[in-house]
């Protein structure tokens, strides 16, 4: 506020106070009672001067900038992220594989050291063939005793004695040809002479065979029975022997000395 304005305000205030005082005095004079009336003393009034008022300068309104209408922005919704859905593969029919056991490869074995040359073992000598005993002359029956000791006994007989003796010699030779020494008995050097009884038909087939007398060694007894079974069938009977069957009792000698 400038100094001129301040002084003008003071002048106006003083003027107003003077005029008010004058008006108050006039009122009091005219209202006073007449004739002998006691005039009360004038009351003193205290006047409070109003504060100096200054003219308020007009306040320029501050123009606010025009408010632009804010258009609502389009809310852009984010596109949903694609969800990857696992696609189940179609079931494929698979034939059951044949179970194959696969052995695990064995670890390679260390090569054994080269064996030292050994002396050639003596080869086992082949068994000497059993010497066939020449048939005895057909004259006396005792000739059969020379083939097999004791001589094979023909239990049942008939017909030509010469033909019978000749056939007995053939039977003895046939037995010696098919005789086999038991390996166990030979290794243990067991000797003996079992007797067997067997029956032949006209075709030389063995009808029956039994152990007639044991040698005391089961190995030799079994070897004797195996000899008859091995020689089946025997030679055919001659026509001069009309019997349908012939029974024989024959000793079979198993001797290591004779084999050597």
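Positions of Cβ are set from backbone N, Cα and C atoms, glycine also.
Among the residue ranges 40-59, 60-79, 80-99, the one that TrEMBL annotates as region 'Disordered' is 60-79. Among the ranges 103-143, 144-184, the one that TrEMBL lists as region 'Disordered' is 103-143. Taking DSSP states H, G and I as helix and E and B as strand, the domain 'TonB C-terminal' (166-260) has 36 helix, 24 strand, 35 coil.
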